[in-house]
Amino acid sequence: MTAARSSLARSVAAHAILIAYTLIALFPVFVIVVNAFKARRDIFNTPLALPTPESFSLVGFETVTSQGNFLLYFQNSLIVTVVALACVLLFGAMAAFALSEYRFRGNTLMGLYLALGIMIPIRLGTVAILQIMVASGLVNTLTALILVYTAQGLPLAIFILSEFMRSVSDDLKNAGRVDGLSEYRIFFTLVLPLVRPALATVAVFTMIPIWNDLWFPLILAPAESTKTVTLGAQMFIGQFVTNWNAVLAALTLAIVPVLVLYLIFSRQLIRGITSGAVK
Amino acid sequence: MTALELSGIKKTFGSTDVLHGIDLTVEEGEFVIFVGPSGCGKSTLLRIIAGLEDASEGTVRIAGETVNATPPAKRGIAMVFQSYALYPHLTVKGNMSLAMKQEGAAKAEIEERVGTASRMLGLEPLLERRPAELSGGQRQRVAIGRAVVRKPKLFLFDEPLSNLDAALRVNTRLEIARLHRELAATMVYVTHDQVEAMTLADKIVVMNAGRIEQVGSPMELYNRPANTFVAGFIGSPQMNFLDAAALGDTTAKTIGIRPEHIAVSAEVGDLACEVTHIEQLGADTNLYLRNETVGPFTARLFGEHYFAPDSRVHVSFDRTKQHRFDTEGQAIR
Ligand SMILES: Nc1ncnc2c1ncn2[C@@H]1O[C@H](COP(=O)(O)OP(=O)(O)OP(=O)(O)O)[C@@H](O)[C@H]1O
Ligand SMILES: [Mg+2]
């Protein structure tokens, strides 16, 4: 940085704002994680204190691992998230490619129709979705959740990816056509690698709401064998007594896989956000 | 044999007509260059020849075969793009051999052709590199090499030099000229740089607003332009268009006279005028002049000369080299 471009006061202010934002964003996570390692009494007495040797307790984790099928719930969540994510990325990218690459009648209309889902929450259709799932016998299956989440994630994915795909050089695609590559090869080997940062961005924005969702698991797949982590954690929240240790421990554990997935994508994500800014 | 034959090619995008009926034949071994202002449809025409775009009307015949319904890869063409368009995930060698692999050629044959092409273009030390590790000039050479490897019936170039800097442009231009001689291949080349057009072409096709204005050899276009558009487009600085009446010619509307066909002298000449600006380029000198009745015009003198701005000079037009145009802008012969 040159002196002309940065002053101490300005960079202090910028950092102060960023740090404040980080603290606010991390505070709930901090409270959950910290209290997951404390005894029940200490959670209520000193909710903001770090666990001390006296207050430290793993009772929550013990409850979680001994009661219920938490491993199964994790597995369900992971299957649903990963499969839905893969479907969203694959079909979203393919639809985006078609919309940005081919001129056909109704292209714009189709684009608008596919993007409509961004503005209309899928939950408005819950009753109809439930009826469809009942009619097709998919209630209490992971397939039901995967289908719904794929539908939920596609609009934004198509919207973002088609913008990015428009920026992929026409010459490159045409060179592929002249050299005899099929449209599928052009899509998979030339276009997809070039929009990888956008794919990562879409992946993160798609994945987190799916992992955290409570609504559809509760309605479409509440059976013991298909419960997801978020739904599973609810069993510790009773009408009269809530096992806070267990709830907090379950939530803490639930953060881990999504954090791992995020870290996988984040390198690409950062490149996506800054791409074009720096060459 | 005719290498390429276009008849009645029209192209419409939605409601805008981009090409209004193009007829053209290209003989085998010819180097044909499309020139014209930006947006006149040169690239669109090239893409129709390549099969990357469908013509709204008309037929494209390559080596005697109608190829309207043939996909690009089966037309026996190779194309070089302005932005190089190398496959970023493949090495130089991979880039050059991909098309042949797609055609299912034998490994040994691929090796041999890639070897020949890379020797021809001096690409041997670069074969294992990826496009990101190459300079702009090297990338364009690889793109040309990729076209050469295919041994196409028709080479198509879409402004291949416009992303290169001036020095590289001259080098690559020479390279392309040499390639054309060595391969004796038919080449169709799009540019809006008239120096490229004049130096490379056997035949120049001047296009304007989706129509062909004139087809001819560089010297034909320079010496006998068919209309004011071609006359103004070919030659630099531009031809002067002067009002015929002011020069005492009543049978023409406009007189065109090239800047290099004007003699300038401080003392004697047909026309007295004022110097408004002077550009000295060393090898030649451009004089911007103004006369009260004729208006502003440009003169180009060879060698070093100096006339102070605002001074008065006398000019004589070489009337044997003048071009006469009627009210429609068509040349009167
Ligand atoms: N896909 C398209 N949809 C609509 N109009 C198009 C499309 N492609 C080209 N055009 C229009 O067709 C006209 C000719 O375009 P083209 O690219 O052939 O011009 P060009 O002569 O190659 O110009 P340049 O020298 O700038 O490359 C332009 O007016 C352009 O706006
Ligand atoms: Mg063009």
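From the backbone N, Cα and C atoms, a Cβ is placed for every residue, glycine too.
On a predicted model such as this, the values are computed, not experimentally measured, just so you know.
Per TrEMBL, the features are:
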DOMAIN    A:74-265  domain 'ABC transmembrane type-1'
TRANSMEM  A:12-37  transmembrane segment
TRANSMEM  A:78-99  transmembrane segment
TRANSMEM  A:111-134  transmembrane segment
TRANSMEM  A:146-165  transmembrane segment
TRANSMEM  A:186-211  transmembrane segment
TRANSMEM  A:244-265  transmembrane segment
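Counting Cβ pairs closer than 8 Å and at least 6 residues apart in sequence, the transmembrane segment (A:186-211) and the transmembrane segment (A:12-37) reach fewer than three and form no contact. Away from its own ends, the transmembrane segment (A:146-165) comes close to residues 80-81, 83-85, 87-89, 91-93, 95-97, 99-101, 111, 114-118, 122, 129, 138, 191, 195, 198-199, 201-202, 205-206, 209-210, 213, 216, 220 of its chain (Cβ-Cβ under 8 Å, at least six residues beyond either end). Counting same-chain residues at least six beyond the ends of the transmembrane segment (A:12-37), those with a Cβ under 8 angstroms from any Cβ of the stretch are 43, 47-51, 56-58, 60-61, 244-245, 248-249, 251-252, 255.
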